[in-house]
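One structure is given below, encoded as structure tokens.
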Amino acid sequence: MEQSELIDAGGVAPQITKQPEQLNLLSQGAEGRLFLGDIFGQVCVIKERFQKNYRVPQLDAKLAQQRINQECKNMARIRKFGVPTPALYLIDEVGRKIYMEYLGKHAYTVKEFLYQLKSFDHPILDQMVDKIGTNLAILHTNDQIHGDLTTSNMMIKPKVPLGLQLSTREEDKRITASEIAESGTLGDVYLIDFGLSFVSGKIEDKAVDIYVLKRAFISTHPGSEDLFDRILDKYREKAGAQGLKIIAKYKDVEKRGRKRECFG
Amino acid sequence: MEVDKSRKIISLGIEGSANKIGVGIVDQDGTIYSNPRTTFITPPGTGFMPKETAEHHRAKVLTIIKQALEEAKMTLDDITVISYTKGPGMAGPLSVGAIVARTLSQLYNKPIVGVNHCIGHIEMGRVVTKSENPTILYVSGGNTQVIAYSQNRYRIFGETLDIAVGNCLDRFARIINLSNDPSPGHNIEQMAKLGSRYIELPYIVKGMDMSFSGMLTHIEELVTGKKTSQTKKQQQEQSGKMQIEETYSKEDLCYSLQETIFAMLVETTERAMAHCNSREVLLVGGVGCNVRLQQMMGIMAGERGGSVCAMDDRYCIDNGAMIAYAGLLEYKFKGQTGMRLEECTFTQRFRTDEVDVIWRND
Ligand SMILES: Nc1ncnc2c1ncn2[C@@H]1O[C@H](COP(=O)(O)OP(=O)(O)OP(=O)(O)O)[C@@H](O)[C@H]1O
Ligand SMILES: [Mg+2]
């Protein structure tokens, strides 16, 4: 049989999506390039962990593999506990890609939302504090460490008016942060980006998770100390007996950070 | 505050927070008139201790001030303001710079400014590279920080959760008994060029933070483990059981350590860039001189459509000029006044994000 006579037998894998250059780039994160694509005719987010040429191939392959596995496993695991995360559609280990639910064009990262809102004490933030604090408590109660908690890795999926929701027209504008705030309903707060996540029951790991968030919060949103403290209060309230231990340890970790010898 | 353009502000800066004592003279454009320094070098297998380092600085500081003035063809009368490193650093060595600066300020009736060492690296780096708003990776013997500017502070986005990168390299050099001349980091870099086999080492990144102490313990075990395994090998040979033992050459260890540690640094820097929507990277601190680190950072930034600011001794390695320049900025934007004498102390701990950056308004 000649080579040219061969035709594709119709497996789905080669056809599920377009090539990256045909896709819309959503964001270029630290490790992932995120595209808006489609899978079986359904819109989705494709997160590709492209090769990092700065590190030795052996290390690169190990990290990419490890993080794709962690991300998929834990994203699904967390969903079970009732914390909103995008649904996982497909894993393409060879192509280093995962396909997941798109949260829609109205979704905001918490970072973007706070930047637009330009306030740390708007009443709508009560709902945000509540949801973030509760999400984190659920995570830790189930020994789930996120590993990269920042305001870029939390997304608000707002409730939008039906007209705006149904519209598929590109030019229809995206809901603004102040419109969300004025509506009085925040919507769901999703956790995303589980590449550095892992399962651990250690108090220290949970405390560092909180510490990482605190640092990201304060440096990204100068002046948001009170807002962060409110999240921590909610966390304490929801995390039960272990919550107190975690917070005590977190204060320790923070003190270590401040005390760290620091000479040039 | 507008500055009288007709008169240049000339700042003399004294740096002595670690094992280098240096004196630099600069003006407000960042022009360096002179910048001599010397390093306190200790024998292989040892690190520099505060007391001996302070003695070294005390013995050299006056000669270096004279040398700086001579090279700049200036006298102390030409100096507008005296700057010194207030911290962070080792107390003994810091005290030398602070005392000399205070004495000169009193004797010659000059305003005086105490400077945060890290801010010195950053501001000198910005003026030399003309980079407006870079993400900064500050890596030295005592520091590992990923920094970005916002609202009059250099904010720390990521840092080490335990020991600093430079400290990790220095201690590693001691474990494998490398020379401290000119610096452990330099010798590791040279040796790494001869390594080729990548040995897997612990890779610990938590968001924009990282941890290095586990790496040292692991390597220590590999190295000492090798010793016991050689005796084990003899025992095995005697007992007739042959088994091939893994051995790790110094070259491969240096290579693998660098590749692993630097990959962690580049990853966290990239994460901060993605988080802050920034495209430029400025590498500062002694470890920033490492060519392999620069190269890795360059590849990362290039792939993001950005770049790394060209590395330069003037801001990477501890020196007097960078302290002079940061002190000058503070002086100029405080309405040309220095600090009150009682404020002119020194402190071992002085975080980068404590400084009010009055000279930037972006
Ligand atoms: N399911 C989604 N729907 C809509 N937008 C998303 C979704 N997932 C991610 N995003 C957007 O893309 C950005 C980057 O995604 P993500 O955090 O997963 O990647 P990353 O930061 O590159 O990952 P990593 O830190 O593992 O390298 C997010 O901050 C968010 O703005
Ligand atoms: Mg992310």
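For all residues, glycine too, the Cβ spot is worked out from N, Cα and C.
According to TrEMBL, the feature domain 'Gcp-like' maps to B:36-325.
Under the heading divalent metal cation binding site, TrEMBL lists B:HIS117, B:HIS121, B:TYR138, B:ASP318. The number of other Cβ atoms within 10 Å of the Cβ belonging to B:ASP318 (divalent metal cation binding site), over all protein chains shown, comes to 28.
Cβ neighbour count for B:ASN290 (substrate binding site) (all protein chains, 10 Å cutoff from its Cβ): 25. Feature annotation from TrEMBL assigns substrate binding site to B:TYR138, B:VAL139, B:SER140, B:GLY141, B:GLY142, B:ASP170, B:GLY185, B:GLU189, B:ASN290.
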Sites among the binding-site residues B:HIS117, B:HIS121, B:SER140, B:GLY185, B:ASN290 close to chain A [C-beta, under 8 Å]: B:HIS117, B:HIS121, B:SER140
Distance from B:GLY142 (substrate binding site) back to B:ASP318 (divalent metal cation binding site), taken between C-alpha atoms, in Å: 12
Alpha-carbon distance [B:ASN290 (substrate binding site); B:HIS121 (divalent metal cation binding site)] in Å: 16
Rounded to the nearest Å - Cα separation of B:HIS117 (divalent metal cation binding site) and B:ASN290 (substrate binding site): 20
Collapsed DSSP category at B:ASP318 (divalent metal cation binding site): coil
